[in-house]
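Peer 1: Sending over a structure as structure tokens; questions will come in a sec.
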Amino acid sequence: NDPNHSERANLPRNMIENSMFEEEPDVVDLAKDSAFPTLDPDEVVYEPRSSRLLVRGLGENDMDDDEEDSESSARLLGMSFMNRSAAHRAGSSPYARQAPPSSCSRPSTRTTVVCVLFLVIVVSMSMVLYFLPGCTFTRVRGPLPAVLSSAHLPVYPNSTTGEPFPWAELRLPASVRPVHYDLTVNPDLDAMTFTGRTVISMAVLHATKRIVLHAADLTVTKATFQARVVTLLEYKPHQQVAVRFPEELKQGQRCVLTLDYHASLSSTYDGFYNSSYADKDGKKRVLAATQFEPLYARKAFPCFDEPAFKATFLVRISRRDGYVALSNMPKAKTTNITGGLLLDEFEKSSVNMSTYLVAFVVATFQSVSKNVSDTLVSVYSVPEKKDHTIYALDTACKLLQFYNSYFDIAYPLKKLDLVAIPDFLAGAMENWGLITFRETSLLVNNQSSPLQKQLIASVVAHELAHQWFGNLVTMSWWNDLWLNEGFATYMQYMSLQHEYPLLDIGNHFLTVRFRALDKDALNSSHAVSARADTPEQVAEMFDSVSYEKGASILLMLNASLSGDLFRKGIVGYLKKFSGSNTVTDDLWNSIAQQHPNIPGMMNTWTQQKGFPLVSVSRDGDLVTLTQEPFLLSTDATESAPSRWHIPVTYVTAGCSLTPDCVQVFTLENRNATLKLSKDVKWLKLNFQSTGFYMVDYGTAGWAALIEALTENCTVLPREDRASLIHNMFALSRLGRVSFRQVLNLLAYVVNETEAAPVSEALAQLNTLHLQLEKRNELDLAAHLKSYILERFEALMMNQTWGEEPCVSKQELREALLQTACALDVPDCLQKASDLYRQYANGSARVPGDLQRVVFSVAARSEDGWAELMQTYAQSSDDAQKRKILQALASTRDTRHIARILIEGLRGELVQTTELPLIISAVSGGFAGSLLAWDFTQQNWDALIKKFPVGSFAIQSIIMSTTSHFSTQTHLDQVRNFLGSLKKRGSQMRSVQVAVETIMLNQRWMDANLPDLRHWL
């Protein structure tokens, strides 16, 4: 929707309560009461529609120096008071002077009581007003009585100069919106600084005396408004700057604010940051690039840094000769400027963009290009890796054509650049027309394995999907981030299945859904649409719920709709809201044009956390389905049990392998029944695991399924076999089934040959094995090792060590051989060592899917570790370098572990962006797990200087170092340390996740260790 939509313009910000992401609220309209003045639209903050409790009629005039932002308790008090007073007659006011009575007759007893009651009400109201900060609406009726005029003077935060800053909210006011930015940036790559000038053309939506926008770590040297110098106030805690005016800016007025500034290039991979790499001669080359999502455009130029403030942009960048400058739009012209520099001017953007999608790069890159669908597609890299760009270019061109056709909307820009940045923290960033990537997410050489190409294609597909979902249509606020990331994640898998079937992306998508279920089963999870106010909360929205759960519920929705209804719905959504901002309801309402029940169904999946457990019980020909929340731990404050509208799919013993066999049943209430012939031996719910729920079949139901799999495991598709394994382990964690039942199910895997079920079983068993080692239950860990080998060793021995073109077979042998060598299977260790020796002397190459296991075995020796460190420093194969790094970090030598951690923190030999990967690899080994946790504690302040609090990197570090703990000692350590961080991290959701995970591990171990000793 248009950001200046009148629906938002009428709301008083000072009385809007934070009940975001609840159901559509009631609107309490008090504006009809003439006792209250009209609203001040300047108090409105840009908000998602349908996201707050709207209380109309309680407003203020434009804020002066003596006005304040009410505390939440005062707001609630004011709301309560005003709701009561609304019952008074419309023409009365407790503060209006009443005419004297016409006579002095003695009042009756009844009249006296009424008068006393009236006086009590007046005094009560006066006292409420006295203690209600910021309640100034009576000013339009005249001055307050003297007793009230001494009430608390409004308080606003002080700016850096000591003057009051005219805004106290984290979100910007909605009185002014940007229309166009004219942006000039001059980076100095020697001094690692830059200067800039931002000229912002704005429209005044509502009369106001202030303009408030964002700026962070910028020194503004001059500010002019309509060509007159003005004073700029700054409030650093909210990263805001403001200009106050003695007279109101009028509604409809167009105005221009110009800001000159300078700053240092960032060293933390956000904003406008510096990076470097070594060229083929070993010479250091410097570059500058941007990463603005979610809240970092303000670190590069002053701006209205919220997604709903879309505008056009014209960008100019100065550079030295020999460098290339890139931005979102094609270059329009280059001119010579002083100092021997060149100034590149780019075309004015043909689309309105949110600030987080603006981007620029200045580097000595080279490119390959191709024209497709009236778009020039180019891939940029350092010169030494230009040959590694061809696969990404071909993939981008093919997927661009697919999306143009599928969405029925042509990509709107003239060019599309994909840029490989040597030092880039995120996997990739979807900047409109200038997508930036890690080198490992974009570059592959001719010898790269199909699995590596699958990764590249997957990331490219994700970022290209964003050009429609996120760029063309953008969420109104970060609470609905899933509209961007969930859709892009779903489309990356769907597009690759359509365009690159040989990459066999289905197994990976299945695993992703399993892990999303695991994380969403925690009480510390959150709804898909969830409150995100602070920068840390916004950063933490970039998690598995927004990405993988968002994608999973879209898969479920598509699978539940017939024919092309899903595609028609999302195409209608994109066309209706092209160039605008949306909330989740807009999506469901668009798809409802194809199927009217969609909003009611899908709101149950986005407005509450977690997912359902569907229990199956059978009595003759009647099957009863019961739903309940699948929550591993519960909160005493939880409200009534959740309900979902579940499109239950199922197959039976008679027909179970193809979509034609699938039957659908919608479970909306807690219980429902369906009829099944008594002759049907078993049924399997959630065909191919397309639904985001788990199933418990009960003792008899599980026994029937296990018997069927034991007789012939191919009676179900591979996805269903994997989901049975995943569900069984999850139910054990929940306490619904014993671990004996888990082992009963796993008895069939001796006949399993498919990657999906084998990988899931090994992942679950390896996690348990590591937890036992960390508890020092070494005898039990040895018994579990024997159990794993008993089930899988035959399949392990059948794996080849040469090139394998089939992706699913690569996935299978990678999972099997990594487990075999980690468990010290002699045959695996010998073959890995032999292959490494051949690789080291140049007589053989190691296939991509085997590199990690081969290098990990080599890294166990002193010489092998040193050789790999040298290879890492010299290699230009980015995918191989990551595998080497993981191997170096998985060593069992504590001296080497300490060194690789320090190298990652130092950021010279090993890029600091790889530190989360290093910590994860170290944590995955018995020798390194405690070292990784100690390292994290000792270097926490250094870590949060490099990675923002709440960022995915910090989330990853916390979870990888703590998720395998299962003792009270470790729980106390983690809780005490993370709790002591205060503003340095204690408030993060990932802290709650870490503590809850350890508690659940401990609970499961305490409950199951005696039985494990017996069964294993």
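Any Cβ shown, glycine's included, is placed from N, Cα and C.
Those TrEMBL annotations? Automatic predictions, nothing curated.
Annotation comment: TrEMBL describes 112-132 as transmembrane segment. For 178-357, the entry in TrEMBL reads domain 'Aminopeptidase N-like N-terminal'. Residues or ranges marked as domain 'Peptidase M1 membrane alanine aminopeptidase' by TrEMBL: 391-605. Per TrEMBL, Zn(2+) binding site is recorded for His462, His466, Glu485. Residues or ranges marked as active site, proton acceptor by TrEMBL: Glu463. TrEMBL lists Tyr547 with the feature site 'Transition state stabilizer'. Sequence annotations record features per position, and here TrEMBL assigns domain 'ERAP1-like C-terminal' to 682-998.
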Peer 1: Could you tally the C-beta atoms, other than its own, that fall within 10 angstroms of the C-beta of the residue listed as 'active site, proton acceptor'?
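Peer 2: A 10 Å sphere around the Cβ of the residue listed as 'active site, proton acceptor' contains 26 other Cβ atoms.
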Peer 1: Quick check on the binding-site residues: of His462, His466, whose CB has the lowest count of neighbouring CB atoms inside 10 Å?
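Peer 2: Lowest Cβ count within 10 Å among the binding-site residues (His462, His466) is His466.
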Peer 1: Measuring Cα to Cα, how many angstrom lie between His466 (Zn(2+) binding site) and Tyr547 (site 'Transition state stabilizer')?
Peer 2: 12
Peer 1: Closest of the recorded positions to Tyr547 (site 'Transition state stabilizer'), Cα to Cα, picking from His462, Glu463, Glu485?
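Peer 2: When the Cα distances are compared, Glu485 comes out closest.
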Peer 1: How big is the Cα-to-Cα gap, in Å, between Glu463 (active site, proton acceptor) and Glu485 (Zn(2+) binding site)?
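Peer 2: Approximately 10 Å lies between the Cα of Glu463 (active site, proton acceptor) and that of Glu485 (Zn(2+) binding site).
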Peer 1: Specify all same-chain residues, apart from the site residues His462, His466, Glu485, whose Cβ lies within 8 angstroms of the center of the Cβ atoms of the Zn(2+) site, ordered by sequence.
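Peer 2: Output for this site, in sequence order: Glu430, Glu463, Ala465, Phe469, Gly470, Asn484, Phe487, Ala488, Thr489, Met491, Gln492, Tyr547.
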Peer 1: Quick one: mean pLDDT on the domain 'ERAP1-like C-terminal' (682-998)?
Peer 2: 95
Peer 1: Which ones in the same chain are close to Glu485 (Zn(2+) binding site), with CB under 8 Å and 6+ residues apart in sequence?
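Peer 2: Glu485 (Zn(2+) binding site) has long-range Cβ partners Gly470, Phe542, Ser546, Tyr547, Gly550.
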Peer 1: Neighbour count, 10 Å Cβ-Cβ cut-off, for Tyr547 (site 'Transition state stabilizer'): what number do you get?
Peer 2: 23
